[in-house]
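Over in TrEMBL, the protein carries these features:
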COMPBIAS  699-711  compositional bias 'Basic and acidic residues'
DOMAIN    24-201  domain 'Gem-associated protein 5 first beta-propeller'
DOMAIN    376-686  domain 'Gem-associated protein 5 second beta-propeller'
DOMAIN    827-1036  domain 'Gem-associated protein 5 TPR'
DOMAIN    1175-1307  domain 'Gem-associated protein 5 RBS'
DOMAIN    1332-1372  domain 'Gem-associated protein 5 RBS'
REGION    699-749  region 'Disordered'
REGION    1217-1241  region 'Disordered'
REGION    1293-1316  region 'Disordered'
REPEAT    50-94  repeat 'WD'
REPEAT    224-247  repeat 'WD'
REPEAT    323-351  repeat 'WD'
REPEAT    618-652  repeat 'WD'
REPEAT    661-703  repeat 'WD'
Amino acid sequence: MHERSLPASPNWYCSRCSDVNSSGLLGVGAKNIIYLIDVSASSCRVVGELVGHKDFVSSFSFCQHAGQSHVCVSSSNDGSVRFWDSDNKVLIREHAAHQSPVAAVHWSPLDKNLVVSGDEKGVVVCHWHNTGDTASFFPEPRTIFCLTCSPHTWSSVAVGYKDGMIVLIDVSKKGEVTHRLRGHEDEIHSLAWSPLAGEDAFYSRPEDSEANDGVSAGDVAGCYLASGSKDQTVRIWSSSKGKAVMTLKLPYLKKRGSAVDPGVKERLWLHVHWPKGQPTQLVSSCFGGELVMWDLTRAGKQRWTLFGTSSEGQNHSRIVFSVSSVRLQDDRELLISTSMDREIKCWDLASLDCCWTLPTLGGFVYALTFSPVGAGCLALGVGDNMIRVWNTLTTQNQYDTRSFWQGIKSKVTALAWHPQKEGSLSFGTDDGKVGIYDVFSNRPPQISSSYHRKTVYTLAWGPPVPPMSFGAAGGKPSYSLYSCAGEGVILQHDPSRLSGDAADIDRLIRDTNSIKHKLSPHTDLRWKPDGKVVAIGNEDGCIDVYEAPALKLLCSIQQHHKMINTLRWHHGHGSSPELHCLLASGSSNATVYVHDLRPVIENPPESPVVMTEPFRRLCGHTSKITGMAWSPHHEARLVTVSYDATAQVWDVLPEAAVCNYRGHSGYLLCVDWSPVDPDAIWTGGKDFTLQEWRVSKQEFKKPPKGEDAQDPRPPTPPQRLNRCNRQTLSGEEEEDEVGSTNSAVPPSGNGVVVTRPLNVYTWLCVCVCNCTGVLCILYPDLALLKKKKPRSMLPISTSMDHRPKEDLLQDCITLASVKHSAEHVHLGLFSDRQALYRMFEAEGTLGHVEAGHFDSVVYLRLWSGDLQGALQLATERGELNDHLLSLAPMAGFEVWSRTAEAFARQLCLQEQYLKAASHLLSINRLYPAVDLLRSHKLYREAIALVKARLPADEPVLKELYTCWAGVLERDGHFSSAAKCYLAAGASFDAAKVIARKNDVASLRTAASLARLSGEASLAQSLALRCAKDLAVAQDWTAAQDVLSSQDSLLVHRLHLCAAELLAALLADPQPCVSSHPWASPGRRPSSIQDRVREVWEEHFGVSQTSAGQRSATALRQELKSVESPTPSANIPLRQVHSLIPYSTFSRVPVTRAVPSPFYHFPPGDIRVCSRKRPKTLDHTEGEAKAAADSLQAFVHYHRLYQHWWTHSAQIQSRVPLSAADSSPGDGAKDGAVNGGVSEPEGSVCPATGSFGELDFDASVLLSEHHAACQATQRSVREIQERLAAMVLQHSRAQGGQLHPEEKEADGPIVQTSTASESSDMLSSPFVCVPSQMFPHPDVVECCLVLLHLSKSSPAVSESLRQQAKDLLRKHGTNPCRNHTM
């Protein structure tokens, strides 16, 4: 086992990533491993690991019960919960009840068998350790951040969620929620129960609690619960009341000598811990990594005390994630904290001072080296962007380390101490940076201005070589710093002037040795301790040894066949001089070679010597060698580390294995022998740990073989990768070391980050490096998996290059000795042009044509110079592209034009019409381009093209506008179609298409457009339509504005004026949309006729004395010529209403302006002479009064039927009509009088008055004068019908005497006339009256309806019924019929 070690850093952002048991054993979750650390002594010591989880450990908890304290439980993002035996470091049981990453787990302090866990989906699972049973609950659909079991009630569990909610559940009642604690505004980081049962009041002021209602807190059973949240508050909750009783706000502590960081509050993790036996003391973390002890019995600033105030530097420098405490047997109570600063600290709760600090590592240990000057001073290069310098010989603090991070900002991959200057440490980083630190000062490092393009792998101090060695006696430094990086270049840096340019030693090597060929990329270098020679390892496996200072090549060692990873010279202070020239080398194969270079060093040859046999061969490792070190205490004793995760100690001379160390859980990257202890060796690697171990205590001699060999899992680390993979240390080569190993929720980035449980599928992406033979297992990337290797342009010759080795060697002989012929087509690439052409022909015919790869054939013809043939082939195959078309002008304009047209046709098939038109334009084919766009309905683009390239009077432009307008009109885009018509010069069509929408705005626009275009008649027609719609909407002002633009529409303006005045008189109290000032109610005179004449004369200049077009006679004639619409059920009453002023003010008879009695009058359209609005017209002339009386009668006629239908509908909905209500006599009489007209069913209008009362004066309908006239007319009509029947009968009787033509002509004429007259009499709503009398409803019909209503409704008065009966007796019989009888 190892002696001392630095473990991996505890995981970040976990509520319980560490716990300590009663015996002082601390368990810390780091990555997917749990490290066990003994904290019971004055100093800590890593005693073991629990390995098994496949993903990050999210929570860890010990069983705190006697006799079972060695059992612990852990949860992971892989969804598993594992039980461990910490004494034997073995797995007891694994539960997989969760389907999501587990966020928290806790072993109940009251029940030794109960373990509770919660996952990110909100599922809570109870695990029973003794039986292995589980029970799942789902109390809340929220993300769980933490949970804790009560130390006083075994079934009570507190669960904290991401959204700030805290829930208390009872696991004995299937997870029933007992309380929901609301108050926090952000995620809950930690929960802690009070160690004391009950809720005794610990606050000193009444205002510190929330409304105790006069009851002592101790009277209620329960327990206090503390919570820490990201909202920067700590709250104390009462579990019995389910409410907060105290809120503690974190103090912001400004560190001495540092400025206030405004973002520090955003980076907060608030952990709370309630020490056992201290119910009034609470420990919490703070903003910058400080720990605070709260005294819950005090108030103000006296309430909290800061840890570590006795001396500087005791507190953490970054936020704290986990805190746990233990009381040891000597009654010392210790507090253990983990932090983002990668340190584990132990505190004495009595003094609040730090007892010890354990540094941890957050990345691969890439390099470690002891100082040759400062004994025991160990430097570590780690992948968490920091350098650690550890004084391993101190007795007071076994982990006395300092961290250096300034100026680094990347993984530290190489280190080298200065051979003579104490404290001078050079470093190289993943991003190619080289610098020098003075570890005994606080100054930032010196950084070389010369950067490598790739990762720095090796640093070495050595004597300067030209050009830096020139003038060394004049104050130049005696040592230069050499760096070797992934691009294969070695740079020489001047340590006294790092700002200057570094020199590439390859130039000196070529000049000195007259080398013309390209040097192999370098992978490592090592100076012999005496500085006389330097060994340089190369990518091809060759090791070159050069003599300083001119770097003359002494020998080349060609034993390795893979890349050199590490070189080491034997130390020169031994008693055997023959060993001083031993050079050990390790490469990407598993064998270590030791070379004896004493002959070539002591007697340099004239020309370089090639060495092919090693001095010693050390076999035993099963994977690549990554590091080695000679023992400074022994002769020819070497330690090597490998990807097989072991370190091997060799006795070189007998080639014997001394011991094998297997304490790491991943491959090793670096090793060094202790300079003071011959039995101690230090190793570091992929498992984020540095370990010290003793040679004498190892039980194994050689590395494991077969199944015992460790298979290094995730990605290949950077140390000595193949040159093609040595570009970077992040990304696909290794997991993100800085964040992923320290966070249960890894940060996003370009590197590979594990965000799900690892399983078998995770490792399916396996590749083998062709150069090194190393198995590299990477995370699968679906985008990369789908990427295919590009097809070869020369498949035949490529396939011939994959034949057996013997055939390839024979090809070389053939190429060197034989002139090419047709039988060696695949060698045409290495011969003359004719042979190359033959190879192209064979490749195209046999390779691509048969495979259907015609695009490759095109390129082969293009390469051979047959451009026209290549274009012709691509045209025939429909595989033209932009690249080929761009080459077409090289073959002439005709070929280019033909190719462009063909490409345009191809693009049309691909529906790329714009691109096709552009290619036609490129060859000046404008009209075909326009036709192409038009044929595919791209009118906008076609018009733009024509207007940009052709004259304005081009006929095709008008055609395009007209075609586009037709399409737009069919699609209903009238405005856009009108613009096209206007552009084409068709103003009439533009106005007509705008008017098609038939709304006010469209009609007004169309009228204006027609007027501006000179279409006067169309403008008048559209203006009248618009004005009519505006008048119906009572927008009188807008209606007058529309008509005012046309001088010829004066009479219609007068008509609108009269209609507006009448509407103002008869309208509802609600204001209209707009009206003129002269129509306001305050200005109305006593007579409406006088008001009309006044307004006409004042505002329109029309009076009785006007002459010309404004004279009354001319305007009257124009008004008579207006065509009035025929009233029917399809003509709205608003059109009839608009004609009222004609008859009222112009004395024109309203013979066709009254609706049918069965027409539905919309409510509110006519409000004349009703009892609800008793407004009457003032009449000054008899004829005008008669016209108004006629209109009033028809309005009451409509009200009569409306009342009848409403009353009948209500009766039918209640009680069926009696026989008396619908007697046959009344029905027959009603039908006879009204010409067979009956009321339609279902035409019931809503009643405007209350049921049972007439809302109008029905006496107006009972006009005796009109009744007499109508009776006479009925008699005349009856006589006409009888005469017509007699004439018809007579014509039939005389039919035989008539001429055939007359018979066929006369009969139909009489029938048609009779039928027409009958139809007119049946369909007319009223009886025609003489020209001197205005029309009136049928009086007899009105009498019958009133008498019918009187039978079922008291609405008809007795006097009205009597008047109706009298009129029926007098005019209801036919006098003509009586005479004949």
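Quick reminder: no glycine exception, Cβ is built from N, Cα and C everywhere.
Count of Cβ pairs under 8 Å against the repeat 'WD' (661-703): among 50-94, 224-247, 323-351, 618-652, the largest is for 618-652. Long-range contacts of the repeat 'WD' (224-247) within the same chain, counting only residues at least 6 positions beyond its ends with a Cβ under 8 Å from a Cβ of the stretch, are 150, 156, 158, 160, 164, 166, 168, 178-181, 183-194, 199, 203, 208-210, 217, 265, 268-272, 274, 279, 282, 284-285, 294, 296. For the domain 'Gem-associated protein 5 RBS' (1332-1372), the number of residues in each DSSP class (helix H, G, I; strand E, B; coil) is 28 helix, 0 strand, 13 coil. Applying DSSP to the repeat 'WD' (50-94) sorts its residues as follows: 0 helix, 24 strand, 21 coil. For the repeat 'WD' (224-247), the model gives a mean pLDDT of 93.
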